[in-house]
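For reference, TrEMBL has these:
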type	residues	note
DOMAIN	94-171	domain 'Cation-transporting P-type ATPase N-terminal'
TRANSMEM	154-171	transmembrane segment
TRANSMEM	183-202	transmembrane segment
TRANSMEM	338-358	transmembrane segment
TRANSMEM	381-414	transmembrane segment
TRANSMEM	812-830	transmembrane segment
TRANSMEM	836-856	transmembrane segment
TRANSMEM	949-967	transmembrane segment
TRANSMEM	979-999	transmembrane segment
Amino acid sequence: MNTILRSNLLGMECIIQFPPTSKSKKKWHSIFITIRCSRTFSSLVTKSPTAVEKTNVIPRSPSHVSLTVIQENSPFQIDQTTLIELVKEKKIERLQNLDGVAAVASALGTDTELGISGSIDDIERRHKAFGSNTYKKPPTKSFFHFVIEAFKDLTIIILLGCAALSLGFGIKERGPKEGWYDGGSIFVAVFLVIAVSAMSNYRQNRQFDKLSKVSNNIQIDVVRGGRRQQFSIFDIVVGDIVCLKIGDQVPADGLFLDGQSLQIDESSMTGESDHVEVNVSQNPFLFSGTKVADGYGRMLVTSVGMNTTWGQMMSQISRDTNEQTPLQARLNKLTSSIGKVGLAVAFLVLVVLLVRYFTGNTTDENGNREFNGSKTKAHDIINAVVGIVAAAVTIIVVAIPEGLPLAVTLTLAYSMKRMMADHAMVRKLSACETMGSATTICTDKTGTLTLNRMKLTKFWLGQESMEEVASSISPYVVDLIHQGVAFNTTGSVYRASSGTEFEFSGSPTEKAILSWAVLELKMDMEKTKKSCATLQVEAFNSQKKRSGVLIGRNDDDTVHVHWKGAAEMILGMCSSYYDASGVMKDLNDSERMKFEQIIQGMAASSLRCIAFAHKQVPEEEYENLEEQKKLNEDCLTLLGLVGIKDPCRPGVKKAVEDCRYAGVNIKMITGDNVFTARAIATECGILRPGEDMPSGVVVEGEEFRNYTPQERMEKVEKIRVMSRSSPFDKLLMVQCLKKKGHVVAVTGDGTNDAPALKEADIGLSMGIQGTEVAKESSDIVILDDNFASVATVLRWGRCVYTNIQKFIQFQLTVNVAALCINFVSAVSAGEVPLTAVQLLWVNLIMDTLGALALATERPTKELMEKPPVGRTEPLITNIMWRNLLAQALYQIAVLLTLQFSGESIFGVTEKVNDTLIFNTFVLCQVFNEFNARKLEKKNVFEGIHKNKLFMGIIAITILLQVVMVEFLKRFTDTERLNWGQWGACIAIAAMSWPIGWVVKCIPVPQKPIFSYMKGRK
C-alpha cells in the first residue's frame, strides 16, 4: 500500500522490502517502520496543519510498503509525479492503494463538498507546486517569415533578376553615380511591394492569434469556498472541484467525485468514437480536452497545463491561418484566367519589342539606331534585352491581379474584427462570405429570440392557480415538491450566511425553479438533501424532454421516484393528482382534458409549462428497477404545474423583419409545445397576428419526422415554426432545405445540435448558453445569444461579398487599361509608355492601397434591400461589366490620344508627355476608386465621411504621386509638371465621375452575359 507522508528527507522514495523469511526479520522491519512513522507524525505537530489532515493506518503487507516522501517545504501531502501517473496510467489499484479519491483530495487540501479556499495565497501555492492550466505555444510567425514567403513569388524573382542585371549594366556603362538609377528603382519598387504584402499577411496572422486566445478562453463551473462560480479555464488549479454537464469540455486531468450517468467522448484523445462511462468504482479517470456526452458530475483536478496529455499535444499544434475560403478559391481561378491573358499580352509585347530592336527600328535619346549589327557592343545588347524583358515582366505583374486574394484577406480580417465588436466571433473564415448568400435561417427560441431570463410566474396545484403559495398547501405536498426540486436538478443554491441573499446557479430554467422553491415554498436545500439519498438518476434528455430521480428517504426507508419535464409529457405518465389539501384524486379523461386546457392556456401566454410528478415505489418494484437500471415512468401522481416566462428580446422583431425584407426566410425550431411556440413566433414577427395560417406552417417535430421523404421536400419551404422538435428533426430540416438549393444558417446551443450545425452551410452557436461541443461544431459564435446579432452577421456577410465585387471592378478596370495601352504602344510605336517602376507603383496603388480602401467599407442599409446572392451567381455581374468597360475604354482612349498626339496638343517633349500619361493614368485610378464605392447607386459620395480610412488612403495616394512626379524624377523616370499640366491631368481624370453617373443610367439584363454565349453553343 502506498501511504503519503511528510518527511525530513528531500525528494527520496524508500522502498522497504519484506521478503518472506524469519519472524525476527519481519518484526525488525515492523519496528523500523513504526519508529520512522511516529517521528514523521510528531514532526507534523510542530508545523502548521494543512487544510484537511488525515491519519492513515499502515497495515502490514506480505510484499513491500512504498513510502513516497515529500519535500519538507511542500504544503501538500502528494507530489506532482504521483498525480500525473495516477490518471495517465488509469490503474484503479493504484488509486485504491492511496485510499481512494477522498484521500487524494485530502492530500491536496481540498474539501470534497466546499472545494479549496480560493484565497490568493492558496492559488499561488498551487501554481508553484503544480503549475498553471496553460500550455506553451509554438512561436508565432515573425514578420520576416512573411517577407521570405513574398520573395518566393516567381514574378518577383524574375523582376529582381532583371533589376540586378539592369543595375550591373547601368553601373558598368554610366558609372556608380549615375548608373544605379534604373536597376535601383526597380529594386526599391519591388521591395516596397514585398514589404506592404508581408505587413498585411503579418497583421492578419496576429489577428488570428488574438481570435484563437478568445475562442480558447472557456468558462468553467468551479466550487471554491463552498460557492459554485464560473472561472476561466486558464484559472483552474490542482485541487479544484469542477462541475461538469452535457457538452462541457473537461478542463484538466482529474478524478471523478460524484455524479450520474457521466459519459465521456474521448475521441479527441484516442480516436475512438464510442463514449466511455466514468464512475467511482471502475473508471474514475477524466482527461483534459475530452467532452461530456451525457450525464453530469463533479471532478477533482489532479493535473493542469503541460502536465496533461492534452496540454502537451496542444503545445505542438499551431492554428492554420492558410484556410482558403470558397470565394478565395473562385478568385484564384479568376486571377489565373486574367494572368493567362496578361502572360499572352506580355509575351506578344516581348516578341514585338525584341523584333523591333534587332531589326534596327528603335532609336536612343539622341535619335541613333540602338542596334547596328556587329558594331553594337555585347553589353549594350544585353542591357537593352534586359530592359525589354523587365518591361514584359512588369506587364505580367500588373496584369496578374494579385490584389484579389489580398483584398479578400483584408476584407475578411476587417469584417472579423468588426463582427467581434458586434458580438459575433468567426471561427471559420468561409462563414463570413457564405452568410451573405444565406436564404434560410433556422433559429432556436430560448435565449436567441428570447432573453433567457426565466421567471416562474404561474403555479397550479390540482386545478387551482395558487397565488398565495406556502400558506394554503398541504405540508405533505410541499415536502414532495421540495424533494422533486432539490434532487431532480443540475443547479445549486448558495448562501454565505443567514443574513445574505441566496445565489442560484445552473441553467436559466433550473435557476427559476430553484428560486421559486427557496423563496416562495421556503425550501431548505441543505436540509432536504440530507433527508434523502439519491439512488438513481436519469438526466434530462432533449428527445424525451424530461429528467427523473430515484431517492430513498432516511426516516422511513421508503423509495420514491420524481419526474420533472415538459407538462404534456409528464401529464401523459400520470394516473392521479394531488389537490391543494393533499388529497390524491384519479385522473380520468375529463380531468385530463381540464389539465390540457390549463397547459394550453399558459402556453398561449408564452409561458414554458413544466410539470412535477411523484410515485412511491414498492420494494419488489424497486428490485426490478435496480436490475433494469430504468426509472418507473407510469402510474405517477401529478404534483403540480408551473409556468415560466421568458420574454422576447427587445429588437428581435425588427431583426426578423429586416431578414425577411432581405429575402431570407426565418424558421423557428423549438422544443416547446405548439401553443407556446405559436405565441412566441407571433410575438417575434415570424408569424403575423391574425394571419390566415395555411396548414403546414406550424408543425410538430414528430409530424415532420413521420412525413414521407417526398412530402417533406414538398412542405419544408412552407414551415415557419416547428415545435416539440428533437435535434434529429432540426438536422432533417437542414438536409431537406439544402437539397432544395437553399443556403442554410442554423443556430444551436446544445451538444445534440452539433450534427445540424455541421450539416448547415453556416453553423451559429451561442456564446453564453452554448456547450463547447456546439461551439466547436459551429462556424460563428454569437457571443450575446441574440438573434439581432444573427441579422448583423447576415449584413456583414453581404458586405464582404459586395466589397470584394467593388475591388474586382476597380482592379479589372486598371488591368484592362494598362494591358491595352502597353500592347498598342508596343506594337505601333515600339515602346512602352509606362516603365517598370511606374507600373509597379500602379500595382501598389491598386493591389494594396486600393484593397485597403474598398475592403473596409461598412455595411449599408441597401445591402438588406436585395435578395440573397445564389451559390452559382457569377462574381462579375452585368452591372460590373458595364461599369468597368466604360471606365477602361475612356482611359484607353484618353491615354492613347496622349501617347500619339500629346506632344503636339500640349507642346511638350517626349519625356514630359510620358510623365503626363503616367500621371493621368494614376489619377484616373484615384477618381475611379470613388466610382467603385457604389456598384449601382449614382451618388458615389454617400457615407464617405464615415469611412476615414478611405479618405486617408486617397490622400496618401495623391501625396505619394506628387512626390513621385515632382521629387523622385530620377527614380521614376519622370519630369516635373507645371500647374497647367497638373490641372489638365486632374480634369481628364475627373471626367470619370460624370461618365460613371451616365453609365449607371444604362439598364442591363439580369441574366449573366456569358450565359447567352453558352446558350448559343
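Glycine residues also receive a Cβ, built from the backbone N, Cα and C atoms like all the rest.
Sequence-remote contacts of a segment are chain residues at least 6 beyond its ends whose Cβ falls under 8 Å from one of its Cβ atoms, and for the transmembrane segment (836-856) they are 159, 162, 185-186, 188-190, 192-193, 196-197, 200, 390-391, 393-395, 397-398, 401-403, 406-407, 410-411, 414, 803-804, 806-807, 810-811, 814, 818, 918, 921-922, 925-926, 929, 932-933, 947, 949-950, 953-954, 956-957, 964, 971-974. The transmembrane segment (338-358) makes no contact with the transmembrane segment (183-202): fewer than 3 of their CB pairs lie within 8 A, with pairs spaced 6 or more apart in sequence. Long-range contacts of the transmembrane segment (949-967) within the same chain: residues 841, 845, 849, 852-854, 856-857, 915, 918-919, 922-923, 926, 929, 933, 974, 976-977, each at least 6 residues beyond the stretch ends and with a Cβ under 8 Å from a Cβ of the stretch. If you take every residue in the domain 'Cation-transporting P-type ATPase N-terminal' (94-171) and average the pLDDT, you get 84. When DSSP labels each residue, the domain 'Cation-transporting P-type ATPase N-terminal' (94-171) comes out as 50 helix, 3 strand, 25 coil, counted as helix, strand and coil in that order.
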